[in-house]
2 protein chains.
Amino acid sequence: MSELELITGGITAPRGFLASGVSCGIKQEPRRDLALIYSKKAASVAGVFTTNRVQAAPVILSRERVKGGTCRAIIVNSGNANACTGKRGLEDARAMTARVAEGLRLNKSDVLIASTGVIGTYLPMDCIQRGIDKAISNLSDRGGSRAAEAILTTDTCTKEIAIKGKLPSGSDYTIGGMAKGSGMIHPNMATMLAFITTDLAILPPLLNKALKQAVEKSFNRISVDGDQSTNDSVFLIANGLSGNKPIVNCGKDYESFLKDLKEVCNYLARKIVLDGEGATKFVTVKVEGAYSEQDAVKVGREVANSNLVKTALFGSDPNWGRIVAAVGYSGIDIAPDLIEVTINGRTLYSRGQPWISDDINLLSGREVVIEINLNQGEGSATFWTTDLSHDYIKINADYHT
Amino acid sequence: MSELELITGGITAPRGFLASGVSCGIKQEPRRDLALIYSKKAASVAGVFTTNRVQAAPVILSRERVKGGTCRAIIVNSGNANACTGKRGLEDARAMTARVAEGLRLNKSDVLIASTGVIGTYLPMDCIQRGIDKAISNLSDRGGSRAAEAILTTDTCTKEIAIKGKLPSGSDYTIGGMAKGSGMIHPNMATMLAFITTDLAILPPLLNKALKQAVEKSFNRISVDGDQSTNDSVFLIANGLSGNKPIVNCGKDYESFLKDLKEVCNYLARKIVLDGEGATKFVTVKVEGAYSEQDAVKVGREVANSNLVKTALFGSDPNWGRIVAAVGYSGIDIAPDLIEVTINGRTLYSRGQPWISDDINLLSGREVVIEINLNQGEGSATFWTTDLSHDYIKINADYHT
């Protein structure tokens, strides 16, 4: 990120975006639990959603509306996922967007929605409708950080970024972003939500393409516990207020924007892992030498999700045997004798030959880099994950009140 | 198992089988770490092995030899998996079987081998060779329980069974079995090993078919942590000493034997789950109403492996939302609104409608039954698993010495 100019303001850093984050009573007051994002001008929008077949009501609604390609506002609540709530859940989601549309004089179809929190409980709609009015009246061009707070569940800190970019064609522009990570409030889901704003002018199909490309190598490459939520959503809205010549094809301006967008997504994805439930280590899993990138992704995902690997890391044990075993059950075609495993720069297993590390401090730090070379081809992929600790169990075994 | 006659003796209960379990110094003495199984008469043999692409040396060797269809002895060590040990590991495994063959005057190809324990460390061959001589001289028709002890790693108890069966054609026969579960000694793998003996006369291809069928719905339906070992192996040997008319086709005698064999495998598989690392609950996941059995297996496996489901169970939280989410990411075609989830007899989610259980003691017992009905077809499958507890983390985070 060395070439990028980091600025403050989060999602309200780009021109023409207002936001608010209020407390409406879903979570215990005074915790903020309702965020609103608003663009002064009609914006292009793109969204990427969970591939879980069980989808929460807000996901069903937003997935449909995002197809229109334009958006003016996004309403987000934390504390209740509005998932597994049937028809009533869908009606509640629609009612929330209707109230936003009414208060801001927008078309309902230009209002998107996201929720995170407990599964299987109906939303307290009275509180929420009053909360929406409050969120509307609190909208501010400095509201980014309050919105970033209002989307959290068991996260221990807000996750925000804003950067200034410059297109090859000359225009300056800004990208802002916020996210919440895998946390669960009282029981339930590890939901990931991210919202990215920019004042760039870009056609919706290209915005969509850029978001998909950026998400694939950032949010889709992180893992805390391998469980995929019913509510995961990433939104990207672009209102064009930077005044750039609109991006209408995949030329240099598009590539430049994509590069910046990837940095923003990577930053937020890494922040989510750093704040993973009970995490004591930040683990990078680099896979190289696979026949294809797809193969490398499979290997990386199995290693990053292995409970045996993750508990060993919690114990600061450079247990390459568990890593090799996870590579072996990843389902891809491998040559076991060609596998090389390097942990924090020390090669511990190479071409069928085990090496003993005498460095008992190899994993004493918070950062762990696991490099796996399959020595078969050119495919590579990088994953980020955490260890599996006592605190993860504690957080997730709490009684369902 | 009500119709079966349970007897004592484990793997030495069937006629013509001797066994021993000795201490040779791989593990700290006086713990037994070397087991030998011997059949007085040439026996048919079948084996099922891990599908992990990284396979330990004993797996590579036994998989090859089992193709011959006959066997006289199996040598098993615990404390060292002889995995990721390259050519030297394979030579060591061969040397172990050669020593057994020499001591018992057998063909090398009639001696099989299995190992469990630490990955990536060469076997202490001097100790082991001396141990093999001791194991040979200790062979006894009452040695089953000592062998069952010698194959354990972090298991807290031996897992043995023996039953008397009767074929429709009239002959009495016996099946004995022993297993070790997912445990790891100091670091490393959750390896499952099982050895089943019988005095039935049956052709090797049919023995193989029966073992595959029995394993598919028993050992392949259990999960402690979702990690698949480099060493998992199940062996079945049949020496024909019961004097039955040999089973040469899939008639009534075969079906009767298969039924008994399934009971033995189910018993051992359940024992492994009951002794899972850190387990405080025994969890049965029954999936019904899937389009196919294969779909039901996928759903069952995801639910049984979900860290979020398993930590909720540890917390005695009937968190059906996490179960529905796991069903959703199992990768099969489902209709979310048709899913029904019942926990310990209480239906908590049905056709898009959440129900609140006011029974705070619903999960207070050790036994949990989760029933998932997809309401789509006739496919069903049953899995057994455990919760995910503090002790699992503790056992698996121990420092790699």
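Heads up, the Cβ atoms here are built off N, Cα and C, so glycines get one too.
A TrEMBL annotation is a machine prediction, not a hand-curated record.
Quick look at what TrEMBL annotates:
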| type | residues | note |
| --- | --- | --- |
| BINDING | B:THR153, B:LYS180, B:THR191, B:GLU277, B:ASN396, B:THR401 | substrate binding site |
| ACT_SITE | B:THR191 | active site, nucleophile |
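Using a cut-off of under 8 A between C-beta atoms, the binding-site residues B:THR153, B:LYS180, B:THR191, B:GLU277, B:ASN396 that neighbour chain A are B:ASN396. Just so you know, the Cβ of B:GLU277 (substrate binding site) picks up 24 other Cβ atoms within 10 Å once every protein chain is counted. DSSP classifies B:ASN396 (substrate binding site) as helix under the three-state reduction. B:THR153 (substrate binding site) falls outside any helix or strand according to DSSP and counts as coil. Listed binding-site residues: B:THR153, B:THR191, B:ASN396. The one with the lowest count of other Cβ atoms within 10 Å of its Cβ is B:THR153.
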